[in-house]
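J.: Submitted below is the structure of interest, expressed as structure tokens.
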Amino acid sequence: MPSNTRPLTIILNANHSKRTIYLLSLDAPTPHSLILAEARNKFRLKSLSQIYLKGGALFSPDQTLHIDVREVWVSKGEPYVGKDAPAPGVMGANAASPEVRVDVIAEESYVDPEAVKQLKAVARLEGVAAAIGMPDLHPGNRFPIGCAIAAHGVYPALIGTDVGCGIALYRLAATPSRFLPSKIASRLRGLDDPWDGDVPAWLAERGILKESEFDKPSLGTVGAGNHFAEICVVEEVKDDEACERIGVRNGVVYLLVHTGSRGLGKSILEAHSQANPNPFYPEGSPELSAYLGEHDYAVQWAVANRDLVAYRIASCLGLTLEDNDETEDTESRPIMPEKLIDVTHNSVTRHTLSVGDQEAQDLWVHRKGAAPADMGVAPCPGSRGDFSWLLQPLGDGNDNAHSLAHGAGRLHPRGAATLRKNVPGSTTSLGSEVVCTDSALMIEERPEAYKGVVDCHTTFGLVPYPCSGAGRSLFYVPDSGLINGRGRYRGGPAAPWSVFTVQKGKRYRFRVVNNSALGYYTFQIDGHPLKIIEADGIAHQPYTVNSLDIHPGERYSIVVEANQTIANYWIRAPITARRSSSTLDPELVKAVLRYEGAPSQDPTTSTSSGLKLDQNLLKPVENPGAPGGSAPADVVIDLKYGGVSGGVTGWQVNDSQYKSPGLPTLLKILSNNATTNADFARSENTIVLPYNKVIELQIHGSSNGFFHPWHLHGHAFDIIQNGGAVNYVNPPRKDVVPVGGSTARIRFRTDNPGPWFLHCHIDWHLEAGLAVVFAEAPNEQRNGPLAIQPSPGWTELCPKYAALPPALQ
């Protein structure tokens, strides 16, 4: 964050369903109009007119925002609702906490309802002031995991048995060339056996002189559950300054170690729970002082444990000083890997928080599976089938209790995961190797038992992306083009072509479909004109051409007359894929049109130039004419698209990158009464459309002129303009429109209530967020003659889908 700015949280006053982070300049006053404009843009609410400060005071247009203001509430005119009003029935019992915050930061991530129930139960405990669920919130034995609880005292049970559990990041070597998974996996087996070194000396070097029964058998071991040690290579850095500050760079090998205090933490909790299973130690009590002493001892022990695990791994790999040192010192001796970060996510610490409308106060923040957000960059590991991340926290920490998710939370409890008895393979979908001899643990920790959490942090403005443990390109070039599943590639064998046999004197209808994920084809048949009679399933007046460009998702029916000399003729479809590859030869996308009686051999025909399809000249057969005629449309929507910062790694429409929601749009409408734009997250990119109105979309082309084939579900539309003159009388009617460098204007009438997807039909662009959802006539979906009520089974579909192996998703 630039030094001359500070974050301001803008919250939707009505129900707190929307919030965004805005960076205010410290060099100039921030006008009232600027905040409203930002809120209107981010929340897509044109009617926002008022701004409240904390407590309900109006921030008027003639005022200047004070430098200490951290939050504002924007309103459409309704009275001040208040700061994060708690759900009914979750008020704290302690008079010191008349208002309890209960928030779950998981707008884009499925959260088990049992975990939310546990979180609300925690909020009822004496002295609790705030209960914040992270995106990886999931049920625990008695209390939830993946949460931060702020209280006026300490509950040892809220920290749990693994006191001091955390994640540390170490630098292993400057080059990944010697760290091939298949070669090093065998050298790491047996690391869960006790260490045969001098345990007391190891602890003493780290200032731990106290001895425990867990030292010798447990120190230097990872343990069960989701604890791990992960060797990884950084392949993408998105915040050079943040990563350089901690010593993280591209192409370098690092080690993540996730483990805690093993049996030591459990023994501490058991000792404090003998008389009361959930003791509460108020501020200043002798019990609190005693517990904190043992708590801090366990945290130190856990840090020493992570260090020893790292040292043992480096020793197993045979690393020496020269491997980890880029200087000229080439002395070869065993090394302790350089530690860059060590973050504890099971502990209790003091923080200053503002709860409700009260003044800021010092509270004890209990973290159980929640990483501190005030220590700089924090590791956020994924499951075995996902990437690991380093996250740079934003904001002042008040909304999230100075905490972040500590990793990928469980989508299913371990008991449910074990119902699937097949043991996952040791090689993951990312090509990495898993070293684990416990088959039951492999089943419990299967990747599909976990969910991703990084997007939830960014949605709430808690973090940007500094870097990831591996990079992905969202742009792929095909190896070849195929016609009916057959084709050839550069340098490959002479595979047989697809052959279409015809009788001389007959006419044939060819249905031509482009089901490519990227490229478009120029389709033609040597010596045979193509009479187009249908486009995207809609009959059009016959239009004869010699060739046609067909983009992903488009469909045409053409009539071909077999009136030429009996012979073989090339069917050609050279592909335009935007980028080259070593195997793709655009001219090798061919098939054969063979007249009966012609020899079985390749054609010798040649192509010729001629008339190419101009989509603007297509005219529908039935009911021609755009909805509304030449009169202005009822609703006009501008859609501007482009790449997210970083090129092809992301796409967005109107500055918003679409991400598939955890709860489908239809269920949000039917079950959650989502009927306005504000009812949907910004990342859902959802626009509500009124019933039975003429809608005009103005899709602005790209500056480089590349074509993007836009496909609308639920409607055919009339293309009233696309690089040519405006045509309201008889424009082409399709459901896919290729948009190049010009603006395409399309119209349709909202006579089909439902959630309808508008997206780029290049699959990599859709995956990267190039899409919009139209929630058409939501009130008619809920209350019209075709309205339906969702069954309980509907809400179970997403969790069931998420539990499937990646190959089945």
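Heads up, the Cβ atoms here are built off N, Cα and C, so glycines get one too.
These came from TrEMBL, pasted as-is:
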BINDING   ASN226, HIS227, PHE228, ALA229, GLU230, HIS345, ASN346, SER388, HIS406, GLY407, ALA408, GLY409  GMP binding site
BINDING   HIS227  Mn(2+) 1 binding site
BINDING   HIS258, HIS345  Mn(2+) 2 binding site
ACT_SITE  HIS406  active site, GMP-histidine intermediate
DOMAIN    476-598  domain 'Plastocyanin-like'
DOMAIN    660-779  domain 'Plastocyanin-like'
J.: For the domain 'Plastocyanin-like' (660-779), give the DSSP counts of helix residues, strand residues and coil residues.
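T.: Across the domain 'Plastocyanin-like' (660-779), DSSP assigns the residues as follows: 21 helix, 47 strand, 52 coil.
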J.: If you draw a 10 Å sphere around the Cβ of HIS345 (Mn(2+) 2 binding site), how many other Cβ atoms fall inside it, taking every protein chain shown into account?
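T.: By my count, 28.
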J.: List the Cα distance (Å, whole number) between ASN346 (GMP binding site) and HIS227 (Mn(2+) 1 binding site).
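T.: Between the Cα atoms of ASN346 (GMP binding site) and HIS227 (Mn(2+) 1 binding site), the distance comes to 13 Å.
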J.: Give me the CA-CA distance between HIS406 (GMP binding site) and HIS345 (Mn(2+) 2 binding site), in Å, as a whole number.
T.: 7
J.: Within 10 Å of the Cβ of HIS258 (Mn(2+) 2 binding site), how many other Cβ atoms are there?
T.: 24
J.: What whole-number Å value do you get for the CA-CA distance of HIS258 (Mn(2+) 2 binding site) and HIS227 (Mn(2+) 1 binding site)?
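T.: So the alpha carbons of HIS258 (Mn(2+) 2 binding site) and HIS227 (Mn(2+) 1 binding site) sit roughly 5 Å from each other.
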J.: Using DSSP reduced to three states, classify HIS258 (Mn(2+) 2 binding site) as helix, strand or coil.
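T.: In the DSSP reduction, HIS258 (Mn(2+) 2 binding site) maps to strand.
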J.: Rank the binding-site residues HIS227, HIS406 by the number of other Cβ atoms within 10 Å of each Cβ and report the first-ranked residue.
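T.: Most Cβ neighbours within 10 Å: HIS406.
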J.: Measuring Cα to Cα, tell me the gap between HIS345 (Mn(2+) 2 binding site) and GLU230 (GMP binding site) in whole angstrom.
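T.: Cα-Cα, rounded: 18 Å.
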J.: Specify the count of other C-beta atoms within 10 Å of the C-beta of ASN346 (GMP binding site).
T.: 27
J.: Using DSSP and collapsing to three states, where does GLU230 (GMP binding site) fall: helix, strand or coil?
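T.: In the DSSP reduction, GLU230 (GMP binding site) maps to strand.
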J.: Please list, for the domain 'Plastocyanin-like' (476-598), how many residues fall into helix, strand and coil according to DSSP.
T.: 3 helix, 58 strand, 62 coil
J.: What is the number of other Cβ atoms found within 10 Å of the Cβ of PHE228 (GMP binding site)?
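T.: 20, counting other Cβ atoms within 10 Å of PHE228 (GMP binding site).
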J.: Secondary structure at HIS406 (GMP binding site) (DSSP, helix/strand/coil)?
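T.: The three-state answer is coil.
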